[in-house]
Amino acid sequence: MEGSGARVAVLGDSIKHFPAGQLSAFDISAANVSKEDIQVHIVSPAKRPVSYQLSESGENVYRVAFVTTEVGSYVVDVAVAGQKVQGSPFIAKAYDAGLIRVSDVPNGVVGQPCQFRVDASQAGEGQLEISINDGEVPNHVQVLGGGRCLVSFTPDTAKIHTIDIKFNGETVRGCPFVCRVADTSRVSLTLRHLELIPVGQPAAFNISVDGGGSAELTVTVRTPSHTTLPVRVSGSVRAGFIAEFKPVEVGAHTIIVNYNESAVSGTPFTCKVYDASKVGVSHLPRGAIGKSLQFVVDASEAGEGNLEISISAAGRNIPTQVHPQGSARFAVSFVPLEAIDHSINISFNKEPVQGSPFVAKVQADPNRIVVSGQSLAATAVGKTSFFTISNVTGSVEDVEVSVEGRGRKHQRAY
């Protein structure tokens, strides 16, 4: 611009950026011109003209004041005496710090990263400033794109941390945000004994808090049906705490312990609740010597655990075979060698199932004489041995027994 235009200048930050929704202004310094010689055109991002007020604010200085609500880039055209000033048209960018969104700031734990998100996607262009405890705690900003970022910091002391956020120098709504930091390393739990627990029986575990000071402890037990169980917490920081609850259903339960609103290391902890009374045993048929006897054990409704089955006769253990059938069902079989009652002991997680011990009646084959006993296989030298002869239809005088040892020597039978 020549002549008077050479002495024209546009001044003020608002010619570059300004807050939407607030009164903004920039100045035009022009000597030897009148108000009527100044022409200003402001166009919004939506291509709509923006009204303004032009006033004389000092000697050779004119002020352009305007208010807009739309975030984005505005085109500002300034001319004096019909000639555009240097730099015109200007691009002024409107922003709105009130449109900054900060995700819920979680509580923190000493020595562990704490993260939250800042969304400036609707706020326009600008400079984001984040300060934690007045700059005492370093923070790292990861740009996620689209005007969003992830902020993280690692607290080293257990105290309230304040988070201040500014956008183009303006404090973001909701500041300061508060992060409560706890030192959960002070808290220790004993939970291993709760890996398997019976339904309907009280369960308890200990909570210890090192050092003095207050301790806000909360204990939550979630059931498989997504409800919470009542939990009673008693004790003190000095004496220690005891948490007690009673499970009422079979399945995996989740135990969560919070200290000053932060999760304690070792939780969530999963304990498995079982019910030995839910183990079912099928009908036991009568057995016969030398023939396999089979029955079914159904633990599908009992929860997780260890099933133990032992069978004995006359104080001696009988070899037993267990065949998984899927869905916690098992086929159990054994071959009786004597015509006597066989005792079947079944336990689930060391608890006898309902009806245990069961009794299997074993009878001999009426069509044949049966000789049975451990001494038929092996016996000790110099000690009296015996075996059983079953299904004898005559008297004892009708029985003839011959026992031959090494060298075919006849041994005396009684």
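Yeah, the Cβs are placed from backbone N, Cα and C, and that goes for glycine too.
Listed in TrEMBL for this protein:
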- 1-94: repeat 'Filamin' (REPEAT)
- 92-181: repeat 'Filamin' (REPEAT)
- 179-273: repeat 'Filamin' (REPEAT)
- 284-362: repeat 'Filamin' (REPEAT)
- 361-414: repeat 'Filamin' (REPEAT)
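Across the repeat 'Filamin' (361-414), the prediction's mean pLDDT works out to 71.
Helix, strand and coil counts under DSSP for the repeat 'Filamin' (1-94) come to 11 helix, 49 strand, 34 coil. According to DSSP, the secondary structure content of the repeat 'Filamin' (179-273) in residues is 6 helix, 52 strand, 37 coil.
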